[in-house]
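Taken straight from TrEMBL:
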{"type": "TRANSMEM", "residues": "B:6-26", "note": "transmembrane segment"}
{"type": "DOMAIN", "residues": "B:14-79", "note": "domain 'MrpA C-terminal/MbhD'"}
{"type": "TRANSMEM", "residues": "B:33-50", "note": "transmembrane segment"}
{"type": "TRANSMEM", "residues": "B:56-76", "note": "transmembrane segment"}
{"type": "TRANSMEM", "residues": "B:88-110", "note": "transmembrane segment"}
{"type": "TRANSMEM", "residues": "B:143-163", "note": "transmembrane segment"}
{"type": "TRANSMEM", "residues": "B:175-197", "note": "transmembrane segment"}
{"type": "DOMAIN", "residues": "B:181-291", "note": "domain 'Na+/H+ antiporter MnhB subunit-related protein'"}
{"type": "TRANSMEM", "residues": "B:209-228", "note": "transmembrane segment"}
{"type": "TRANSMEM", "residues": "B:240-260", "note": "transmembrane segment"}
{"type": "TRANSMEM", "residues": "B:272-295", "note": "transmembrane segment"}
């Protein structure tokens, strides 16, 4: 019974790792902030969900699985919010014509969401 | 064949060292701060890897989270940084100092490797008398409660020191609607998690500092999104909240010295309740003090 659940978890874990790695590659390789945000939030959220599903198949009971599901939901909501805030900051920065204090303008708002 | 644990630990060590160097030597202050925050998260992971969950929680909350916000807001207030000059003599001096400190620490740490530590056994023996079932909380609030009392005093002194400097900021920009909505969503979660951490401190990792940090982070978010009214030192409830931890702790210490067996030696049947009330007061004080440290009360000073 548990043996085949462990085998079933491998594809999920490997797919999760694949999405994390491709999200990281996207951050490193994509040209602008928007596409980088796209890569990091979408790919990482999916990767985390797959990892959580894979680990849930290996967990002892339903409580750890439920906990991981809740954590995944929280991360999903917070990364979506952080992505929107960062993108909006970048858009305002772009429409300002790029003031020199780009990094320091609204650091609190950006940081709070992580 | 290297096993997976060792590989993970070595990667973590290399990451820590790399991030530490990057935080100090990054060309821009902003990069340094981001590196410092990531360093704090990795350090929290290291503590968790060593089995010190309490420290991991505190490091992630205070070291990476709140100090990161403090550094970023300090950078927002400070004038643009001057171009950094390379001073080789200074680098050599600091490198020598670092090597000396490393040698001293290594000399202090090597005897610990093969000596069997006595303290965990002593704590385990006395745990039943402490009033709580989590050894870390027993040490922090019973066996070595004096240290924790002084930590609270240090936090209070830091807050007073920052108040003397009276940092000034302009008016805060209008918060975006998404941030406001998000703050509304997470505020109840913050209260729940903070309360859980405080409550679980008696039997599992958690406690006053961790709960205080979570509450402070929630208050800071609400304040930044403009959902809370201006918080300032001039409000006496806030001052009372900042002081209540140290005040209750000192009161317990003085009472136990006067009526009981000695300074901070709790009567056995009372110790559970006393520890819980001190933890609650300390959580409120830590949350209030950290909130004031991060967002300050500059608007009323500027007015």
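Cβ atoms are placed via backbone N, Cα and C, with glycine included.
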How about the transmembrane segment (B:240-260) and the transmembrane segment (B:209-228): do they have 3 or more C-beta pairs under 8 A, pairs 6 or more apart in sequence?
no
Would you kindly list the residues that approach the transmembrane segment (B:143-163) from elsewhere in its chain, counting only those six or more residues past its ends and only Cβ-Cβ distances under 8 Å?
123, 126, 130, 233, 242-243, 245-246, 249-250, 253, 263-264, 278, 282, 285-286, 289-290, 292-293, 296
Report the DSSP secondary-structure composition of the domain 'Na+/H+ antiporter MnhB subunit-related protein' (B:181-291) as helix, strand and coil residue counts.
85 helix, 0 strand, 26 coil
What is the average pLDDT across the domain 'MrpA C-terminal/MbhD' (B:14-79)?
88
